[in-house]
Amino acid sequence: MGAIVLVALMALVASSSAFSDIEHNIMKLEGENIISSSSTPNDDQSSFSDGTSDMVESLFLNSGNRNLVLMMLSGRPQPNGRCIGDAQPCGFLVSDKGCCDPNYCSQYSKGKCICVPKGQPCGLLHFCCLGLTCDGSFNGTCK
């Protein structure tokens, strides 16, 4: 039920005309709460008249299935310490646990927990293997 609500809300937000003005950034994962911020360029940072930012924030902060939201966003391990190991199946409909650090799930559905090797592209949701760092936030390379 929580997944259906999540998909419905994401579709509603994506179809909103104000959504094109939103730059949505995941700021931090902290315990079981996902903290997000929404902003518009050249705006006074006040809330949107159509309630879009409130809807997005509510989706992330008050989701009934935080483990699923965490896993779908980043594949990071859950606060209780349980996670999916290297090359193990992961994704929506497979498990509500995330991949062990620094791995991420290769696909939202029926993926495998992997990390990005040296010299390969990395970024916000594609983490480098242990001992490597990504030199860019979105279009970096593991070094």
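Placement of Cβ uses the backbone N, Cα and C atoms for every residue, glycine included.
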Going by Swiss-Prot, which one of C115, C122, C134, C142 is joined to C129 by a disulfide bond?
C115
With reference to Swiss-Prot, which of the candidate residues C113, C122 participates in the disulphide bond with C99?
C113
Taking the Cα of C90 (disulfide bond) as the centre, which of the disulfide-bonded residues listed as C99, C100, C122, C134 lie within 10 Å of it?
C99
Separation of alpha carbons, C100 (disulfide bond) and C134 (disulfide bond) (Å):
18
If you measure C-alpha to C-alpha, which of C100, C105, C122, C129, C142 (disulfide-bonded residues) come within 10 angstroms of C113 (disulfide bond)?
C100, C105
In sequence order, what residues of the same chain, 6+ apart, have a Cβ less than 8 Å from the Cβ of C115 (disulfide bond)?
D86, P102, N103, Y104, F127, C128, C129, L130
